[in-house]
Amino acid sequence: MNSTLLNKKETLSLHRPLGESMLKKLFSAWALVLIWIAMAIVASIISPVFLTSINITNILNQASILGILACAQFLVVLIGGFDLSVAAILALSSVIFASAVPVSTGLGMMLGCLAGAALGLLSGIAVTWGRVPPMIATLSVMGIARGMAFVVSEKSVAVPMAKLASYKFSFSVLSLPVLTWLIAAVVLYWMLSSLRFGRNLYAIGGNERAAGLAGIGVRTHKIIVYTLAGALSGLAGLMLVVRTSSGVPHVGQGWELDSIAAIVIGGARLFGGEGNILKAMMGVIIYQTIANVMNLASLDPFYQDIVKALVIIIVVGATVMRAEKV
């Protein structure tokens, strides 16, 4: 009898994310848009510059790098983990790409993404086969990636503008980094909503044991997710070089926490099994808008760090409290 009840409970847990009502989805999605509109109204009062096309373009360009990192973070959080190595992998990818550009731009891009994928694979193996907690595994990989970045170059690597001229196109607000971010988000949305692989990730995050009993290869899926997250982090590093024309070994410190805060603002459940990638990307825009408003208000950078830290505490605390009520 108890076994039957357990199986029923696990089956319900397995399908729980797919049973969310359409009304709830629409409400939560529009709620994020309304939050941004309210922020935009307040921001335009603080600074008339906020709603100018130049500033909106600036917000999107800055959000694009965090957005790609958030795509990586979302995948890992969805299966019940989190990745503290995403920003360090970005830094490593940026210096690899910048250093390789004089030889071959294409080769540099390939090496940057491959380095990210390899480190993501290492995290995945450590978490699954090594049974290392995600925080410890990805923290260790963060140290490896950051150290390797300084091995490749101890200082910033400047890239001649001419070498990246073909990558610096822009259609209105759509620069290459923004376009890459949007494509990554749409592809992940399709993967998570239309493919069995994506549905399996929700099942693993919702109830790992039930997913395993249902015949899902939990270890394999987790390794693939961490590898994809590493590759996306590497891609973010490439786009950062396209934006700034330089690779910097110490860039991105703290961005791993920013990526977690952004997706949680977008409704991702920190303990896995719930979330929508497009809403998570709206969370990125909201988070980046907060940073932009603080810059326009000429708030001291140290105070900006305090505000960002408080935002992280509030959004993470809120999602934990929500989970405890379920």
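Cβ coordinates are placed from backbone N, Cα and C, and glycine is handled just like the others.
Taken straight from TrEMBL:
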TRANSMEM  27-51  transmembrane segment
TRANSMEM  86-103  transmembrane segment
TRANSMEM  110-129  transmembrane segment
TRANSMEM  135-152  transmembrane segment
TRANSMEM  173-192  transmembrane segment
TRANSMEM  223-242  transmembrane segment
TRANSMEM  277-294  transmembrane segment
TRANSMEM  306-323  transmembrane segment
Tertiary contacts of the transmembrane segment (86-103) (same chain, 6+ residues out, Cβ under 8 Å): 65, 69, 72-73, 109, 111-113, 115-116, 119-120, 141-143, 145-146, 148-149, 152-153, 157-160, 163-164, 229-230, 232-238, 240-241, 246-256, 259
For the transmembrane segment (27-51), sequence-distant contacts whose Cβ falls under 8 Å of one of its Cβ atoms, 6 or more beyond its ends: 265-267, 276, 278-279, 282-283, 285-286, 289-290, 292-293, 296-297
Sequence-remote partners of the transmembrane segment (277-294) [C-beta within less than 8 Å, at least six residues beyond its ends]: 28-29, 32-33, 35-36, 39-40, 42-43, 46-47, 50, 55, 58-60, 62-63, 66-67, 70-71, 74, 181, 185, 188-189, 192, 258, 261-268, 303-304, 307-308, 311
The transmembrane segment (135-152) and the transmembrane segment (110-129) contact flag, 3+ Cβ pairs under 8 angstroms: yes
Outside the transmembrane segment (173-192), six or more residues from its ends: residues with CB under 8 Å to it: 53, 56-57, 60-61, 63-65, 67-68, 71, 74-75, 78, 167, 198-199, 201-202, 232, 235, 239-240, 242-243, 276-278, 281
Close approaches to the transmembrane segment (223-242) from elsewhere in its chain (Cβ under 8 angstroms; 6 or more beyond its ends): 64-65, 68-69, 71-73, 75-76, 78-79, 81, 83, 85-87, 89-94, 96-98, 101, 108-109, 112-121, 123-125, 127-128, 159, 164, 167-168, 176-177, 180-181, 184, 197, 201, 251-252
Long-range Cβ neighbours of the transmembrane segment (306-323) (under 8 Å; 6 or more residues past either end): 257-258, 260-261, 264-265, 268-271, 287, 290-291, 294, 299
Positions on the same chain near the transmembrane segment (110-129), where near means CB under 8 A and six or more residues out: 81, 83, 85, 89-90, 92-94, 96-97, 100, 137-138, 140-141, 144-145, 148, 218-219, 222-235, 237-238
